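Beneath this line is the structure, given in structure tokens, with notes to follow.
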Amino acid sequence: MALGVPISVYLLFNAMTALTEEAAVTVTPPITAQQGNWTVNKTEADNIEGPIALKFSHLCLEDHNSYCINGACAFHHELEKAICRCFTGYTGERCEHLTLTSYAVDSYEKYIAIGIGVGLLLSGFLVIFYCYIRKRCLKLKSPYNVCSGERRPL
């Protein structure tokens with residue numbers, strides 16, 4: 001067991017070091033190049049490959065502005081289609097579904113079940129108490145008939 005702790009500490013330290021090395025990013029100032037009427041900013045971040053879900057998407061063109069019903073429209077170049085970023089409370093491909101907050105109304109059935117459970121529990125305790133008292137009284141009874149002060153005529 002003593003050997004297990006240093007090994008786990010060693011593994012944890014190596015994992016933290018690996019994460020730190022992956023998270024380290026050097027930032028270089030952008031290079032601006034004038035191309036016609038367009039200004040292009042190039043940085044090292046443009047050359048980094050990332051997951052598709054995190055890639056930048058541009059705002060939709062005017063013909064797609066009404067595509068999203070309850071959200072902001074963005075055009076994803078790799079998917080080559082308009083996607084929606086829904087406002088809070090809406091879901092769906094075009095943010096057309098309202099997310100309803102659901103809650104359950106307390107019904108009387110729940111309270112009836114709790115009442116029956118408590119009643120059965122109390123009844124069980126009473127039966128156990130009755131059996132205990134009866135057994136105790138039977139142990140205390142003497143096998144002889146002892147009168148408590150009354151005398152019967154012979």
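Quick reminder: no glycine exception, Cβ is built from N, Cα and C everywhere.
In Swiss-Prot this protein carries:
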- Cys60-Cys73: disulfide bond (DISULFID)
- Cys68-Cys84: disulfide bond (DISULFID)
- Cys86-Cys95: disulfide bond (DISULFID)
- 56-96: domain 'EGF-like' (DOMAIN)
- 1-22: signal peptide (SIGNAL)
- 23-110: topological domain 'Extracellular' (TOPO_DOM)
- 111-131: transmembrane segment (TRANSMEM)
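Under DSSP, the residues of the domain 'EGF-like' (56-96) split into helix, strand and coil as follows: 3 helix, 16 strand, 22 coil.
The predicted model assigns the topological domain 'Extracellular' (23-110) a mean pLDDT of 69. Counting only the Cα atoms, the space from Cys60 (disulfide bond) to Cys84 (disulfide bond) is about 10 angstrom. Most Cβ neighbours within 10 Å among the disulfide-bonded residues Cys60, Cys68, Cys95: this distinction goes to Cys68. Annotation: Cys84 carries the greatest number of neighbouring Cβ atoms among the disulfide-bonded residues Cys73, Cys84, Cys86 [cut-off 10 Å, Cβ to Cβ]. For the pair Cys95 (disulfide bond) and Cys68 (disulfide bond), the Cα-Cα distance reads 6 Å.
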